[in-house]
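Visitor: Please find one structure pasted underneath; my questions will follow.
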């Protein structure tokens, strides 16, 4: 400050007019120059953070990095040592499974492979089979298809028996029975287990009696025990139709009409399906005595007529409960 009270201002300080060209090109700023003693110098400004920088942004400066941490699955998939370990464990499990299967008796191996045959189905087969069980009156070829003396899988031949439809229909029967009991305000959780056990026990009893009948009368046929189990399991489809007709209409008359129809349809279906496997082939090389033929006819009628009785017995107690 001067003696006259005015503020002292330096005379030789000038505002920089431009930067050095190289510095301006580097920082992306306009050039400003200043001269002290005739020499130009550049005043760099701090570089601002890029807006689209994945490692630094205005948000990440306050909240932290915006990039998510690598997930555990990505770490596992990119870890070569873990992948090698998983491959070793998988190979070891395959070896153990293969050795276990090889230790089983040959008869058990054949049984396991035979059961797989009955589950070789697809959606087209299931639809055609259900239509065939409920509407079997259309003329068609009922003989089974064979390839190299072995029956073709069910997904190829709709006449072949399967286990998928009997299993799923038995489970559906238990659920529909619960709906009917719920409509009558008599449902309890224990009822589902009781009906499932009852359906299983009666199916075992039915199959055992039929197999015992085959053995006592010494009847040889193309029908295998596994095929017989499948054909006896198709009655659950008719039971579901009968129960659903009562559940929808709440009418005993509709239930009885549905019961009569599914009984006739299932009997016709079983006669057409089992006739070629139980009765002797007229043009075949095997010959049977008249008594043997009559026993086969009676056995076929027994299998056919016992199915409607089971349908009536396993559904009527739900209707009149």
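If you go along the chain as it appears here, the first residue is 1 and each next one adds 1.
Just so you know, glycine gets a Cβ as well, placed from its N, Cα and C.
Because TrEMBL annotations are produced automatically, they should be read as predictions rather than curated entries.
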Visitor: Looking at 128-147, 228-247, which one is transmembrane segment according to TrEMBL?
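Guide: Per TrEMBL, the stretch marked transmembrane segment is 228-247.
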Visitor: Tell me which of 85-106, 195-216 corresponds to the transmembrane segment entry in TrEMBL.
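Guide: Of 85-106, 195-216, TrEMBL gives transmembrane segment for 195-216.
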Visitor: Please find, within the list 253-271, 272-290, the residue stretch that TrEMBL describes as transmembrane segment.
Guide: 253-271
Visitor: Count the Cβ pairs between the transmembrane segment (195-216) and the transmembrane segment (297-315) that lie under 8 angstroms and are 6 or more residues apart in sequence, then report whether there are at least 3.
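Guide: Checked: the transmembrane segment (195-216) vs the transmembrane segment (297-315), in contact.
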Visitor: Using a Cβ cut-off under 8 Å, which residues of the same chain at least 6 positions beyond either end of the transmembrane segment (163-183) come close to it?
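Guide: Answer is 115, 118-119, 121, 126, 129-130, 133, 191-192, 195-196, 199-200, 203, 229-230, 232-234, 236-237, 239-240, 243-244, 246-247, 250, 314, 318-319, 321.
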